[in-house]
């Protein structure tokens, strides 16, 4: 997966490149709008992370030209300007998502993965991690063959963790995806919800699948053998 | 011609004074002139009638032929020496039987024209005259009656001269009085407007640092006092707003200082000697949490700043409040169960608004209620449609909020108690955000707390006027 980052702020650009690189992506970095546009038109990227405020050509200009050239590369906008009209304008021009600075890196990573997954092959109907199994059609969860009763929201939460297994999911993303709470809400709620899910899915079993990544969020995966 | 600048109040008043005074004086002058003129005319007429009566008397005594011969002599006796009087008598055929100073009369009259009836006036050789003509009966001793027409003229030049002089003096006096009125008016207006100048003087001295100053015009006239009151009211509002803003800035600085100071200390201590990777990871993680707190606070403050600038999305969709409350109750369900608190939602109502904003507003109230609920209690959310208004009430059982805190609970960075310092919500902006959102929707939010029951109430207009449902 190849990602182009267009960002003029040196530190932000460097850390984004490093962070996404370490997350397993191939990352190119452009420091201004014209360079970014040139690379976007000449390279084959799966995703462009685009800053709005750029020297020489702003993010909107880059996006407009990229779309006119017929490229449907997904674009994630980064901006310090949290204004509704900006958001609307970006989305009208064909941006796929929008993130306001300052953002948590885990949030960016989650959104990048969402965009890259979009339009990919159909998701399976049964998810499995280790001995945990979630059947979407029958709304059934089992672990080690034992049926586990979950509430509707617990089911949705587990489904999200399974769909994105191995990814650290920030609390805000969980609140937004499971409860449709698209604002900074009381994050204790997510903590409690995850704790209760753990009590049913993880506590009676080994190994523990749901892990807390402090300051970042939660991840569901089979722990590496010590 | 249009004036480039509007006339000053003083000039206006002075001019109005002058105009008023001049009009009044002119009216009085005209009346006075007329009265004097009428008086003179009356005097003249009286004299003319007197002369005519005298002539008639003489004519009547001339009944005997001998006496008739004496008539001219008697008339001369009566009139010679009175330069101002002209007389001539003529019979029906126009034969003049007697004349004295006939040059006073106009040629036409001398030739036989009758004077107009009543009092006649004319001018000849620079002299003004008034005259009267009357037919007089002369009784002869033989019983014959003859009619003599007597014409009497009076030189009234001195009256005319006097009137002209008086008029001139009157106009001069009026002009002078008008000028004086203007000057007096200017002075009066200037003195009368002194309170206004004092007001502007004080207003000029005001600045952001001295907003606490008030205009004191207790002795000022009523009109100015109204202005002063209005001005002072404006000052109070400005001062309060300004105070809020500067408090807010101070609070921001304070709220940011704590996490930044934590970060600096922690980082400096960690760097003071070599540590294991796990220890570094721990520091970075802790820093990350602190950064997140700061970021959340900045986002909240930006939200409030945007609201202050009127840049929040307005009402544009239909929002079923009870549905939102239920969604939130579901979201908080796990947390509520942890606290052993039950949440119930009752009623239904729809408002025009922004769903995300309203959800956030209610979320803050519910989160607040949850934090302050006694274990085993129930949080009741009631939604009611009250005609033009929609009400949403969140009631919880817990500690009573002291009365002095109630009024300030919606203020930015306010915390009902100091110990609530490091709660998930971070800075005390949640309720301020709620109020801002509700006010953006044209509604109000208030709180009452008594006997361990605290209730927040949101009132929203059901439909913002001029908006129609587009959903």
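Backbone N, Cα and C define each Cβ position, glycine as well.
Look at TrEMBL and you will find A:2-116 tagged as domain 'Response regulatory'.
Around the Cβ of residue A:51 (4-aspartylphosphate), a 10 Å sphere holds 25 further Cβ atoms from the protein chains shown. For the recorded site, residue A:51 (4-aspartylphosphate), the DSSP three-state label reads strand. Per TrEMBL, the feature 4-aspartylphosphate maps to A:51.
Note on the domain 'OmpR/PhoB-type' (A:124-222): its mean pLDDT in the predicted model is 88. Annotation comment: TrEMBL describes A:124-222 as domain 'OmpR/PhoB-type'.
TrEMBL lists A:124-222 with the feature DNA-binding region.
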